[in-house]
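One structure is given here, and the rest of the page talks about it.
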Amino acid sequence: MGAGDPWVPARSFRQNDQDRRWSRRDSMASRKKNLQGLVAATITPMTEHGEINLSVIGQYVDYLVEKQGVKNIFVNGTTGEGLSLSISERRRVAEEWVTKGRNKLDQVVIHVGALSLKESQELAKHAAEIGADGIAVIAPFFLKPQNKDDLTAFLKEVAAAAPALPFYYYHIPALTGVKIRAEELLDGIQEKIPTFQGLKFSDTDLLDFGQCVDQNRQRQFAFLFGVDEQLLSALVMGATGAVGSTYNYLGKKTNQMLEAYERKDFSSALNYQFCIQRFINFVIKLGFGVSQTKAIMTLVSGIPMGPPRLPLQRASKEFIDNAEAKLKSLGFLSFTDLKNGNLETSS
């Protein structure tokens, strides 16, 4: 496997008896190939006036595939400011990614979570209609589910709106405030939601994550870790893939880490992870979020991501200058090369 090629884990799960009892309609989801390896949580490009900018998404797809070796994407999530977009905008963004990614990307997963069940169902149905490869849903976070049964009931209704699509739960308690453990939610979930295929686990609780894996070894679930700077630890716990914002511009280096791990070169894998951590640690101390991710992606790829949508403010010039200097100090290529989309890091 060459540097930058998408990583595919060797580990797989056997289909259990419950899987074989699914109805023909629900089994359509199970026949889709498993989501694994790196998944870029895509940014939603915007114009300087704050309108979505669909014109650069084709270029964005090519950059991910050709420069970063990332062929799976997670659209309209946190990084994509999905909850800050209108329903119409979310539909248009999803359509553009599916269209431009056809025959180039392996899987396009659309986040369809919303505070309104009806809106979430509408987005799920739309994702199926445009040919997405899966849907994901965040827990509603204003009027919150109080327990596992509440959350499962909500997720079940959304999944039913797109019965042919694999369904993923997006677990991010630090932002939703919904503290229901993922391990608890997964217990028996396929009996309630036959199209359930896995979860995006965006939390640092490796006990919870590890038990999700340990207690579901016989199921073909995708365990997608969502804390980029801790991915190597999650691999040891059984992660089958990862969804994150840094894979937009650190995908090639992260793929190298994953390849080293797969060939049991743990020393090299650790060095790759530490290199990635040095950059992430630096920008976190400066203040790192969606706004700053947009600025870094613009800097590295040369593709204009534009500003974030209010209430977020655009990254400061000071942040951009500091991030650029750190990229260089870690052994990244020159600023000219960075703008051409060629990002290398120290090993």
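Using the three backbone atoms N, Cα and C, a Cβ is placed for every residue, glycine included.
Among the features that TrEMBL reports, active site, proton donor/acceptor is placed at Y170. The annotation active site, schiff-base intermediate with substrate is assigned in TrEMBL to K200. Taken from TrEMBL, the feature pyruvate binding site applies to T79, V243.
Geometry remark: T79 (pyruvate binding site) versus Y170 (active site, proton donor/acceptor), CA distance 13 Å. Counting in whole angstrom, the residue listed as 'active site, schiff-base intermediate with substrate' lies 5 from Y170 (active site, proton donor/acceptor) by their C-alpha atoms. Taking only the Cα positions, the spacing between V243 (pyruvate binding site) and Y170 (active site, proton donor/acceptor) is 10 angstrom. Just so you know, the Cβ of V243 (pyruvate binding site) picks up 29 other Cβ atoms within 10 Å once every protein chain is counted. Within its own chain, Y170 (active site, proton donor/acceptor) has G77, H111, G113, A136, V137, I138, A139, L199, K200, S202 as residues 6 or more apart in sequence whose C-beta sits under 8 angstroms from its own. The Cβ of T79 has fewer other Cβ atoms within 10 Å than any other of the recorded positions T79, K200.
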